[in-house]
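For reference, the structure discussed in these notes is given below.
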Amino acid sequence: MSTIARKGIHYLQKLNASNVPTALLEKGQNRVIDASLTLIRERAKLKGELVRALGGAVACPSLLGVPLGHNSSFLQGPAFAPPRIREAIWCGSTNSTTEEGKELHDPRVLTDVGDVPVQEIRDCGVDDDRLMNVISESVKLVMEEDPLRPLVLGGDHSISYPVVRAVSEKLGGPVDILHLDAHPDIYHCFEGNKYSHASSFARIMEGGYARRLLQVGIRSITTEGREQGKRFGVEQYEMRTFSRDRDLLENLKLGEGVKGVYISIDVDCLDPAFAPGVSHIEPGGLSFRDVLNILHNLQGDVVAADVVEFNPQRDTVDGMTAMVAAKLVRELTAKISK
């Protein structure tokens, strides 16, 4: 647990011990939540107005940071990832054009509405049920400003549940999900935490927010992970059979008959040779070009996406994994924007 999280919980415990009325606490918490949502709402409104005024954009990805790390079962460094990813996107070591020729400096191609102030909200004693609702509401505020589409920067993988929930509810039906990860993250309730980053896709499937869930890059999976996969009809593609599955995975067609495609990329889907800055290092993963081939060749309307589980506290001195995460964001931008 982070120092900030501890301070927030201890602060709340002190207030409870002092017999501060619950109504008073909740009123203050609601003010903080309302202020947080107002900032996201107004930034999304401004960026949406700008994109619409410029004209010509049907879909414009909008970065939304969710710096949450406390639902990680091991290390909580992903809470510090969003600013590091942004810094790497714009650091100047490479040009601002994606491989497919999209220009990131064009606000019709990529915009940014800032971060959900996760730690500040938790510091007020807000529990995870309400915090997940704040994340979902923030995503919906972005989607209300057509043609903006959320491109979410995590954070640990627990954020995918409230994000996918919001996307599905806002669009009025399930999506198809392409999930790249070393782990299936589908435990029923890992270590007793229903919001664990290892349980996010169980919550998504239980809620009916996905029609198809394809999990690619899997190489650390337990018996429960396989049983849960069968229970929910998940299409799990393990690395031990990747050479056999490559042609299928590099020619995916998703989203027909549903509300579109959601892409969730856990940076540890990559072999640690390409991305050492992750909490759970699992050798034997995808190459960076494997991931790009899957993304570039995917046929489908990508309505939202996330990049999660980059841990700056485990990155190399020169920030290699930050650049890898930034490149993933850049190429997802190209996939979403039109």
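Numbers here mean position along the shown chain, with the first residue as 1.
Quick reminder: no glycine exception, Cβ is built from N, Cα and C everywhere.
For His157, Asp181, His183, Asp185, Asp266, Asp268, the entry in TrEMBL reads Mn(2+) binding site. Counting every protein chain shown, the number of other Cβ atoms lying within 10 Å of the Cβ of His183 (Mn(2+) binding site) is 25.
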Tell me the Cβ neighbour count for Asp266 (Mn(2+) binding site), meaning other Cβ atoms within 10 Å of its Cβ, over all protein chains shown.
-> 28
Inside 10 Å of the Cβ of Asp185 (Mn(2+) binding site), count up the other Cβ atoms and send me the figure.
-> 30
Measure from the Cβ of His157 (Mn(2+) binding site) and count the other Cβ atoms within 10 Å, all protein chains considered.
-> 27
Sorted by sequence, non-His157, Asp181, His183, Asp185, Asp266, Asp268 residues with Cβ within 8 Å of centre, Mn(2+) = His179, Ala182, Pro184, His197, Cys269, His280, Val308, Glu309
Here the 10 Å Cβ neighbour count for Asp181 (Mn(2+) binding site) comes out at 27
